[in-house]
Amino acid sequence: MGYLLTIACYIASFSPSIALFCSFIAHDPVRIILFFLGSFFWLVSLLFSSLAWLGLSTVLPDTFLLSLTVCIIAQELSRVAYFMLLKKAQRGLNKITRQGQISVAPGVSDLHNARHMLALVCGLGMGVISALFYTMNAFAIFSGPGTIGLPNALKTGEIDTNRAGKYLPLCYTLSAILLTLFHVTWTIMVWDSCHKIGRIPSAFVPGAAAVVSHLLVTFLSSLNSRGFHVLVFAVQFLILLICIAYCNVIMGGTISSFVNGIGQSITDAVTLKQVRTLIEERKLRTQRQSVPDEPMTERAGTSNTVNA
């Protein structure tokens, strides 16, 4: 039962990431490389955060909040460093594909001026590796005899990590989904600031919004151990909607188009549009493959007449 629970948690946690990967990344080799490179940059930021935490723990008695802040700043700086690297490598990427011409490398799309798509790809790479590191220790415990909680931590710690009870796997799964999508929005906002810096006075606003929302979401997550799971997820989901709407505006959309898109998605989900579309396509495919009986009868009658 423990292994089945772990597999179900992994599938649910990374299903949105898999959907985005298959829709926007899987068909392009360059985007696949950038996806994994984004994961690498997040791992580098985690390394520097670990070194900072190790150094601070030898000086200060309680370094939780300070180490958490340093970790967030390191992650945002890694996004800036990734943007600068891609900006310098843009000439090399443009040599692979020329705009309006046949690609030198088949299957590689034109990445020129595809800033927001690059941000989505790289942010998804950061989000996936972040969610994996966030969940894999807990999911490894779930794969055991089915005991939910951290027994060793319960013996030495003061916080009741077992307060969520049977809903603890669900909490980790929802947190992983939100964390992945948050990293996509934060990357879009930070890269928009990096692109517009020095061009407009308000270029710092998207980057500041990313840092503030990152801090807020992270500190809200620390309240999960105190039993405020429903409240934390509700606030985080609201913040995610605001971040997605802001990214939609950054990419040239409007709030009304964002609201209409959500309404249409809900309508399609309720009416099972995808299922109905698949059924209709299968019916059409079956009708095209089937051979009608009347022409065969007519041919048979014609042949009998000729023989007579």
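Placed from the backbone N, Cα and C atoms, the Cβ positions cover glycine too.
Pulled from Swiss-Prot, these are the features on record:
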{"type": "REGION", "residues": "286-308", "note": "region 'Disordered'"}
{"type": "TRANSMEM", "residues": "5-25", "note": "transmembrane segment"}
{"type": "TRANSMEM", "residues": "32-52", "note": "transmembrane segment"}
{"type": "TRANSMEM", "residues": "53-73", "note": "transmembrane segment"}
{"type": "TRANSMEM", "residues": "122-142", "note": "transmembrane segment"}
{"type": "TRANSMEM", "residues": "170-190", "note": "transmembrane segment"}
{"type": "TRANSMEM", "residues": "200-220", "note": "transmembrane segment"}
{"type": "TRANSMEM", "residues": "230-250", "note": "transmembrane segment"}
May I ask for the residues of the chain that lie six or more residues beyond the transmembrane segment (5-25) and have a Cβ under 8 Å from a Cβ within it? 31-32, 35, 117, 120-121, 124, 127-128, 131, 135, 139-140, 142-143, 146, 169, 172-173, 176-177, 180-181, 184
Quick check: do the transmembrane segment (230-250) and the transmembrane segment (170-190) share at least 3 Cβ pairs under 8 Å, counting only pairs 6+ apart in sequence? yes
Maximum Cβ pairs under 8 Å to the transmembrane segment (53-73) among 122-142, 170-190, 200-220 is reached by 200-220
